[in-house]
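Worksheet: the structure to be examined is printed underneath.
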Amino acid sequence: MNKLNSRVLNFSHKATQFKHKELAHLIHSIVDSTQSKFQANLLLNDLSKSGRLDEARQLFDKMPSRDEFSWNTMIAAYANSGRLNEAKQLFDAIPSKTPITWSSLISGYCRNECESEAFVLFWQMQLEGHRPSQYTLGSVLRLCSTLVLLQSGELVHGYVIKTQFDTNAFVVTGLVDMYAKCKRISEAEYLFETLPDRKNHVLWTVMLTGYSQNGDGFKAMKCFRDMRAEGVESNQFTFPSILTASALILANSFGAQVHGCIVQSGFGANVFVQSALVDMYVKCGDHNSAKKALKSMEVDDVVSWNSMIVGCVRQGFTEEALSLFKEMRSRELKIDHFTYPSVLNSLAALKDMKNAMVIHCLIVKTGFEVYQLVGNALVDMYAKQGNIDCALEVFKHMSDKDVISWTSLVTGYAHNGSHEKALRLFCEMRTAGIYPDQFVIASVLIACAELTVLEFGQQIHANFIKSGLQASLSVDNSFVTMYAKCGCIEDANRVFDSMQVQNVITWTALIVGYAQNGRGKESLKFYNQMIATGTQPDFITFIGLLFACSHAGLLEKGQYYFESMNRVYGIQPGPEHYACMIDLLGRSGKLKEAEALVNQMVVEPDGTVWKALLSACRVHGNIELGERAATNLFKMEPLNAVPYVQLSNMYSAAARWEDAARIRRLMKSKGILKEPGCSWIEMNSQMHTFMSEDRSHSRTAEIYSKIDEIMMLIKEAGYVADMNFALHDMEKEGKELGLAYHSEKLAVAFGLLTTPPGAPIRIFKNLRVCGDCHNAMKYISKVFLRHIILRDSNCFHHFKEGNCSCDDYW
């Protein structure tokens, strides 16, 4: 017998080393032994703990006599390994169930997140007269924490109070964790503070982690200080939590103090703690300390290296991020699907398409292209580099697309000027059952604003409100911009007023919006309000501000704001600002001053500057200066038709027909094509496009009949055709007809035919509206009692009761 006992005890230390035949022989020897139960239970326990469940079950089945320990050991082994069906079968077959039996199976269900089965057993256990132990309650509370089951957790809490477990540190720790994970930090805090004995380091760590996970870094810091004051030791779980909290509120100095505590406590070599240190320093922007922490690690940890690469990308050290990636490969670190997205972000920032292709090949070679995270990063990287075709190919081959996948491509289309494709893809996304988030909404609104599709933008707005998505500054700014660019400045203002927080982008969108809608003086009022709130203007704010002054004819104000850019705010004016000032001087008839400003520019004049000067020359008929501006544009933008067309029009307006023909011949010889003027109007979510003298529309006869009616009525009201805008050498009648059939007049005729009486008419044009059409629209608005909103390539014109919002400068 002693010999057998020795063999059993020896096996208990070397269970995993026995071969199947030797084990079978040992089981047979134990079963035949007269004192088999003790040895069998000992062997059964060791087999279960070493994971050899099939051999354990073989022994269990051959045991002539099984006691409570035998049954509970086997049930616990199956439950802990996830073989729940077999555990349940034994549970149902056991002659007599004890609290340990119930707890073993409940623990298995909780560990495998089987909510309904765990709670059915938990309540059934009580109905059969068994009182759950602290360990049973701990398992159930962990399930509630993991699955965020607040209501179930509250029921368990009620039972805890009823059974007087509410002073048990183990159970209360589970309750604190449950409430913290369920975002009920005040309840967790109350339980923590009312527990008499708080010397348990696990309890403190759970409370500290709860503060950190709920975004309250300051309370986490206080909790850590109190923990040390109480003499409770921190461990490898406490330190990462407080480091996470430090990173949350960018408390770098506090994090450095925690680093000192880590070294003193002997956890400086713990990989988990070291990784948290690197992450904390990275998120606090302490790049050098992060590098030191990474280099001091005795064991290379891919998580730490990933954190370092992410930090480099966020701080703009994109080349260093790529260098770290190369070093990871040289160290043969196991690169994972979290590494590649950061590397791809670096390549996108560097616009490095060559290396992007290399990394893409490496991703395919290593099989990481199947990961959704990596696929999304590839789509985003290609889209940010303007390679939409490659982005689309990656997107098409992704087997599992989420909202980020769709957002990356929609945003790519929007930011690369393919606005129609962005809207189509968004519609496909909704058809696929993907619910949009704030990021894709903001991108779609950019497309709506650029295409001026008001109805679509309004639908997006309505669906956004209906969805219950939380408002964000980015989305609200996009709504302001969309409404302003679609000519609905009052709606833009309503969105602005509803926002709880505004930033410089919000104010700038409204300032530019009012300026573009012909309400420059109100635009300046908003600028003054912005300054009063303490918001500092930026580069783009001054573009909007100077544009407002230009279109409102506010010369002195414009000069004041232009000078204040560098003097007050330290912003160096760019070509865009100079272009606005030249436009302002030109509209004020001060062409000499405009020319002098061009000569005094501290930056090299670009195309926008010369275009502004050329436009001013055209308005005032200064052909000599206009020729100089056009000549510069011919050199800078040789394939741009605009300077050729404008110079030709200036010659035509001055009846210099031969010079006008010469410019047109020059265009033709260079293969330069003039962009044809077109106007469009949205009706019932469909776009109707018109070109000058266009007869392709299905309702052409009605439209031209309406044109005849319009021209007759506005002439009676005092309209006279402006022949300066009839740029072809022909008789007067032919010129008048040519003017009558301009695209914007055809569009307004269609609008009068298809909209209810009194409804506003919204028209959009790709080029600037000509002076004759501008004058005609004023008469049409008066005769037909309509509000006509016309957006051309320069700004909005609101025609109402015979006036235009831009009458100050026309």
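Keep in mind that glycine also has a Cβ here, set from the backbone N, Cα and C atoms.
According to TrEMBL, the feature repeat 'PPR' maps to 36-66 (among others).
What TrEMBL records for 67-97 (among others) is repeat 'PPR'. Summed and averaged per residue, pLDDT over the repeat 'PPR' (67-97) gives 89.
TrEMBL lists 98-132 (among others) with the feature repeat 'PPR'. Cβ atoms under 8 Å from those of the repeat 'PPR' (98-132) belong to residues 68, 71-72, 75-76, 78-80, 82, 84, 87-88, 91, 139-140, 142-143, 146-147, 149, 152, 156, 159, 163 of the same chain, restricted to positions at least 6 beyond its ends.
According to TrEMBL, the repeat 'PPR' annotation covers 200-234 (among others).
Beyond the ends of the repeat 'PPR' (301-335), by six or more residues, the same chain brings 271, 274-275, 278-279, 281-283, 285, 287, 290-291, 293-294, 342-343, 345-347, 349-350, 355, 366 to within a C-beta distance below 8 angstroms of the stretch. As annotated by TrEMBL, repeat 'PPR' applies to 301-335 (among others).
TrEMBL lists 402-436 (among others) with the feature repeat 'PPR'. A Cβ distance under 8 Å defines the sequence-distant neighbours of the repeat 'PPR' (402-436), meaning residues of its chain 6+ beyond its ends; these are 372, 375-376, 379-380, 382-384, 386, 388, 391-392, 395, 443-444, 446-448, 450-451, 453, 456, 467, 469.
Positions annotated as repeat 'PPR' by TrEMBL: 503-537 (among others). Across the repeat 'PPR' (503-537), DSSP assigns 26 helix, 0 strand, 9 coil.
Residues or ranges marked as domain 'DYW' in TrEMBL: 718-810. Helix, strand and coil content of the domain 'DYW' (718-810), in residues and according to DSSP, is 37 helix, 16 strand, 40 coil.
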